[in-house]
Amino acid sequence: MSGFEDGFSAEKLFSQGYSYTYDDVIFLPHFIDFSTDAVSLSTRLSKRVPLSIPCVASPMDTVSESHMAAAMAALGGIGIVHYNCDIDTQASVIRHAKSLQVPIASDAVFKCPEHQIGSVDDFGPSSFVFVSQTGTLTPKLLGYVSKSEWSSMKDDQKEVKIYDYMKSCENKDYYVPWDIDLDKIEAVLEDKQKGFVVLEKEGETVNVVTKDDVERVKGYPKLGSGTVGADKKWMVGAAIGTRESDKERLEHLVKAGANVVVLDSSQGNSIYQLEMIKYVKNTYPELDVVGGNVVTMYQAENLIKAGVDGLRVGMGSGSICTTQEVCAVGRGQATAVYKVSTLAAQHGVPVIADGGISNSGHIVKALVLGASTVMMGSFLAGSTEAPGAYEYRNGRRVKKYRGMGSLEAMTKGSDQRYLGDTAKLKIAQGVVGAVADKGSVLKFIPYTMHAVKQGFQDLGASSLQSAHELLRDNTLRLEARTGAAQIEGGIHGLVSYEKKSF
């Protein structure tokens, strides 16, 4: 059809002076000559960190700690452990994540010895309450209380400390090696007739897995190729800031086994980050360093010249971020990803699209526009693996989710990523909220990745590399969507509906 053409090339669409979000643009379908199963989503986080799936857990204190990092690695992605804590805690989280060879985040509840169990609700969905000195999984379990035994106790027997009536965990039948696989755990539970097993490494508790956990995980999609480092353990990333004290933090994180470091800043084009990039590359040449955040080619060029191995793109696009509103700076995420990726590709630097991901379609758009991976916060928050306890609000089971620019997070130290001075006023660039229970990432991420593969198939791209080539040679065409087109492309015209993604 000479004289006619569908849509625009990406170069033309993104040169019109508009700041586009993912919802503002739509790809036009291309030709299919392969099956969905033939689509490969293998990629790179940075120059030397390969991944099987393009998913990265954001370094936020309500998203990425040990269980999330282990689960993401088991899925073929990676988690970046936040640094809104002291050095020893962050290093401990990394060591713990690398030890969770069975990446099950148990529903089990943990309490301190002096605590009481007030009601059966204290057990949550678990059949046990476990007791440790810290009231957490580590370093060692002291005992446990089963829900059935507690329910049969008299009221006056319950009005004492848990320590007074808990059962001891000294019996070695409860303990198994930390690197045992799920099938062997199930066999041990069956053989020993126990309700749970304790995974132990060098005398410390690594995880607790109950029969209920095993049954739940057996229903999840089968895991593919995990992200494993040279040490044969899960690859785990770590976030740090750009202050002088972060050099000491980095030393401890490298010793703990961090496989990649992410310089965590809302505006990465600063003298502080340039100096930190050079320090990391000179001091730890074997360690990949990801710089950012950036949204322009000018910002990206400075970090590339300094030696970054990856770029994190996004400013104010996260659901809990108010940077664009408060500071009047930022960029629509679709435009930012395309522009920065165009430059980064010329230097062989992978791009991480950070923020603005609400569904599988957004992931497809981010990847096809040039990103190698997507970094997710709210998409993973509220999952079983995310830090924090579930609570009920208006009848819905939720978990807290907060921006690292919220005042609540900044009081714990995250103001460093906003180049804040602790002696001066703190201005919030984020909010605190809650997200609904999503279940385990081990279940919903595989389904999400299959949806992404279907999107790639419709575009005629069998891999990320293929998609990037089709975009840059102008084969793939795009259009901007009007408000009415966005409404039409969503669910509309129904009195009521039930939406199930899988």
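The backbone N, Cα and C atoms fix where each Cβ goes, glycine too.
Listed features, source Swiss-Prot:
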- Arg417: active site, proton acceptor (ACT_SITE)
- Asp264, Ser265, Ser266, Gly314, Met315, Gly316: NAD(+) binding site (BINDING)
- Gly316, Gly318, Cys321, Glu488, Gly489, Gly490: K(+) binding site (BINDING)
- Ser319, Asp354, Gly355, Gly356, Gly377, Ser378, Tyr401, Arg402, Gly403, Met404, Gly405, Gln429: IMP binding site (BINDING)
- 166-225: domain 'CBS' (DOMAIN)
- Ser2: N-acetylserine (MOD_RES)
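All protein chains included, Ser319 (IMP binding site) registers 18 other Cβ atoms within 10 Å of its own Cβ.
Comparing the Cα of Gly314 (NAD(+) binding site) with the Cα of every entry in Cys321, Tyr401, Gly405, Gly489, these being the binding-site residues, the smallest distance points to Cys321. Candidates Gly316, Gly318, Cys321, Glu488, Gly489 (binding-site residues) were compared with Gly355 (IMP binding site); those inside 10 Å Cα-Cα are Gly316, Gly318, Cys321. Counting only the Cα atoms, the space from Gly377 (IMP binding site) to Gly318 (K(+) binding site) is about 8 angstrom. With respect to their backbone Cα atoms, Gly490 (K(+) binding site) and Ser265 (NAD(+) binding site) stand 34 Å from each other. With DSSP states grouped into helix (H, G, I), strand (E, B) and coil, the domain 'CBS' (166-225) comes out at 22 helix, 18 strand, 20 coil. The shortest Cα-Cα distance from Gly489 (K(+) binding site) to any of the binding-site residues (Asp264, Ser266, Ser319, Tyr401) is found for Ser319. Looking only at the binding-site residues Gly318, Ser319, Glu488, the one with its C-alpha closest to Ser266 (NAD(+) binding site) is Gly318. Using Gly405 (IMP binding site) as the reference Cα, a 10 A cut-off selects none from the binding-site residues Asp264, Met315, Gly318, Glu488. Averaged over the domain 'CBS' (166-225), the predicted model has a pLDDT of 83. For the binding-site residues Asp264, Ser265, Glu488, a Cα to Cα distance of within 10 angstroms from Ser319 (IMP binding site) holds for none. Of all Cα pairs drawn from Asp264, Ser265, Ser266, Gly314, Met315, Gly316, which the record names as binding NAD(+), the longest spans 14 Å. Counting Cβ atoms from all protein chains shown, Asp264 (NAD(+) binding site) has 28 others lying within 10 Å of its own Cβ. Cys321 (K(+) binding site) and Met315 (NAD(+) binding site) are 8 Å apart (CA-CA, integer value).
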